[in-house]
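As recorded in Swiss-Prot:
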type	residues	note
SIGNAL	1-18	signal peptide
REPEAT	64-82	repeat 'PIR1/2/3 1'
SITE	74	site 'Covalent attachment to cell wall glycan'
REPEAT	83-101	repeat 'PIR1/2/3 2'
SITE	93	site 'Covalent attachment to cell wall glycan'
REPEAT	102-120	repeat 'PIR1/2/3 3'
SITE	112	site 'Covalent attachment to cell wall glycan'
SITE	136	site 'Covalent attachment to cell wall glycan'
REPEAT	145-163	repeat 'PIR1/2/3 5'
SITE	155	site 'Covalent attachment to cell wall glycan'
SITE	174	site 'Covalent attachment to cell wall glycan'
REPEAT	183-201	repeat 'PIR1/2/3 7'
SITE	193	site 'Covalent attachment to cell wall glycan'
REPEAT	202-220	repeat 'PIR1/2/3 8'
SITE	212	site 'Covalent attachment to cell wall glycan'
């Protein structure tokens, strides 16, 4: 019995030593492989739009909507076919709604990103993702993706319309987006999460205060005249889509393989495999905090993979780098230039 207890204790110690702690150097948290031809430095600020992989081929001529971020940094998006821009909320998380036409994603205070999930996710116009406060990224399930915004926690959310709406970010950094087919821009809420609606038309994604990213997923995205291509520091510019920048739109910078949002938070894959913005430094237990690139096709990649998964959580999606459940769909996170309209 004493021997068994010693083995268990040793295993626990080994696990704790392997986990990332905020005091450790986070810039070394990189995947072992890199994307062939990927660009690790991009001189311009850009957004992202959630594009369902199943509809990518048919939406090559369209622009996805930007993702917004909410305050928490999460990224979210609605589920509309038209992809809406993703916004970011305050916590930095990224989320998206489930509309077929993705609605624009905005960011709420926790940083999460949300967007609608509409089916019509148009790559040509791609709506910007916004960020909420928490930094998380989320999206609605509309076929036309709606724009993703960011709320206060940084989560990112966006609608899931097919026309990709811009993703916004809410305060927590999560990213969210609606699920409309037309992809809406993704916004970010305050927590940094990213969210998006599920509309098919992709709407631009926005960001709320928590860092989450949110965006609608409208499938049909509107086409914006493109200005002179943004300069890059290595390779050929792969970013061919653009969207109008608005308040709350998830704005990102890529330098040396490190991805940051407009609040300077670090884009990372956290312990539960979710994509969101935190810190610096990234949250304890983070798996990757570096190794980001833009692929020759114009998609965001971590290591050698450019496939992410939007997984339904209530009325929005969270973004992950792995398939974690039955309600998850494979998506690309299309990089889009943000322009003043």
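Positions of Cβ are set from backbone N, Cα and C atoms, glycine also.
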Residue 193 (site 'Covalent attachment to cell wall glycan'), number of other Cβ atoms within 10 Å: 68
Stretch-averaged pLDDT - the repeat 'PIR1/2/3 1' (64-82): 60
